[in-house]
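Pulled the feature table from TrEMBL, pasting it below:
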COMPBIAS  489-501  compositional bias 'Basic and acidic residues'
DOMAIN    16-418  domain 'Ammonium transporter AmtB-like'
REGION    487-510  region 'Disordered'
TRANSMEM  16-34  transmembrane segment
TRANSMEM  55-76  transmembrane segment
TRANSMEM  96-118  transmembrane segment
TRANSMEM  130-150  transmembrane segment
TRANSMEM  170-189  transmembrane segment
TRANSMEM  201-221  transmembrane segment
TRANSMEM  241-260  transmembrane segment
TRANSMEM  272-290  transmembrane segment
TRANSMEM  296-313  transmembrane segment
TRANSMEM  325-343  transmembrane segment
TRANSMEM  363-380  transmembrane segment
Amino acid sequence: YTIPSILQLDIGDTNWVMTSSFIIFTMQTGFGMLESGCVSIKNEVNIMMKNVADVVLGGLTYWMFGFALSFGNGPYTTPFMGVGNFFVDPEVTDPLMGPTFAAFLFQLSFATTATTIVSGAMAERCNFKAYCLFSLINTVVYCIPAGWAWGDHGFLQRLGYVDIAGSGPVHLIGGSSALASAYMLGPRLGRYELGNEPLPLGSPVNAVMGLFVLWWGWLAFNSGSTYGISGSKWHYAARAAVQTMLGSFGGGCVGLGYSMFLREGKLDIMDLINSILGSLVSVTAGCFLYRSWEALLIGTLGGIIACVTMPLIDKVHIDDPVGASSVHGASALWGVVAVGLFADNPYPLDTTNGRSGLFKGGGWYMVGVQFLGAFCFFCYRSSSSSMQIPLVWCVNKIVPIRMKPFDELLGADLTEHHIRHSQVGVSRALSALRPFNHDDIGLETIKHVGSNPGHEKYINDNYEEPTINDESIQNTINITQPKISAKGESVKEKHKNEKNNRNKKKSNKVNIKNNNQKEIQLASLEALKADEIPKYAWVD
């Protein structure tokens, strides 16, 4: 019995792999923040819930059959697909129990990342229930090509294909899935009515914070892919982390220059974010095989590719709200090919089977294998998209994939999660759509986000501000007034007190009248403002 390479871990390697897995899982936070920052406010919770569904449902199916299809070594395993080790659960007496769980956890973090890429491209118009069904199925799309590249049985791995951290199986497959999904769903309502320019971000701060979390997770993504720190692995783990950062520096510089040049000195946030992410994707395949200047160059070109392809995709009216197709698709294709050009032979590791890239005197073999790998991934994703059409039709019969216009205009947060934001146009949309839609979402029972209906009711019941005419207030005034005996009160003082009471009542009446006039003026002003607002503005 030969121990599979994925399970050849000692204690130190297992510790390194598990720690890297924990950090890679934080990338889900980064994806969620980035995507929620890119969509409109009325859909930010919905996109976060889709990221949760990716982890929960995609993780469950990866445990059931995904890991087996990628790394199974049973008797029915073929170069195309692994078979064996379904429902991962080794016995406590199994000497490979620890390595098996560590390997599964590490690969699970990769699988959930690949499925999450798609959620951003489908944002703001995909039915949540239908998306959950896709999360269950999408595991198959990732796990089979992952076995080609990393499984001992994989035909690409046997040919010498090199992809250290997944530019091909994770990002190229994920980016292709994002492009296919965005195309099948169609653009958001009114997306290209006013041109191809990007829509306003729902929360630019969230988007930038998501970038930083992804940046952090990428270090574990790449350096953890040495798959240990024993022997000479720790040297290359350190090299992978530094080259990853250098690649992102090149992409970031491109984003700054590209945006300021095209936008007359103004910096577009998404240009910078996606140029950095594109550079990280492109350097991932050969993260510890490059010299520093090579990593910088590869990252720079990856950033350029991401920035240039985003507007091209919008020109053909494929609506990808976060640019996942460009960042994870186009930049990943360059990253796969770059290994065949720049790769070092990482002696004494056998990552490249002793080969080097074209520019290192290794000839054309690695270039050819890397092109073959990219071609196979692209064809596989194209064919799987074709196979998905009947599946999409069946799912659509059960749960409509595309949200109804009524739900899309109101926002998925309200219609699917009963979360009501302020100032996102819900009232105006309801007024405009009421003659054409009879669905009752029970808006009057849905409170604004951040409110506490219990506190509001308690205040209304116990501390409601009374008017001056309330009998209880008059009684309180009478009770709290000092009682002066008629014998000790002079006639002059009595007249003075009566005059003061009359003045108080008169003052109260004047205040009430002034308040009413102010309310009328404010109502008139609001009506005037409402007339001046264009029809396409959304006002609550």
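Keep in mind that glycine also has a Cβ here, set from the backbone N, Cα and C atoms.
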Can you find at least 3 Cβ pairs under 8 Å between the transmembrane segment (241-260) and the transmembrane segment (296-313), where each pair is 6 or more residues apart in sequence?
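Contact criterion met.
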Between the transmembrane segment (296-313) and the stretches 55-76, 96-118, 325-343, work out which stretch tops the count of Cβ pairs under 8 Å.
325-343
Return yes if the transmembrane segment (325-343) and the transmembrane segment (170-189) have at least 3 CB pairs under 8 Å (sequence gap of 6 or more), otherwise no.
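When sequence-distant Cβ pairs are counted, the transmembrane segment (170-189) touches the transmembrane segment (325-343), since at least 3 lie under 8 Å.
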Looking only at the recorded stretches 96-118, 201-221, 363-380, which one has the largest tally of CB-CB distances under 8 Å to the transmembrane segment (170-189)?
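Per the Cβ under 8 Å count, 96-118.
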Using a Cβ cut-off under 8 Å, which residues of the same chain at least 6 positions beyond either end of the transmembrane segment (201-221) come close to it?
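Non-local partners: 19-21, 23-24, 26-27, 29-41, 43-44, 113, 165-166, 241, 244-245, 248, 269-270, 273, 276-277, 280, 284.
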Could you tell me whether the transmembrane segment (272-290) and the transmembrane segment (130-150) have 3+ CB pairs under 8 A, leaving out pairs under 6 positions apart?
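They do not touch: fewer than three Cβ pairs between the two stretches lie under 8 Å.
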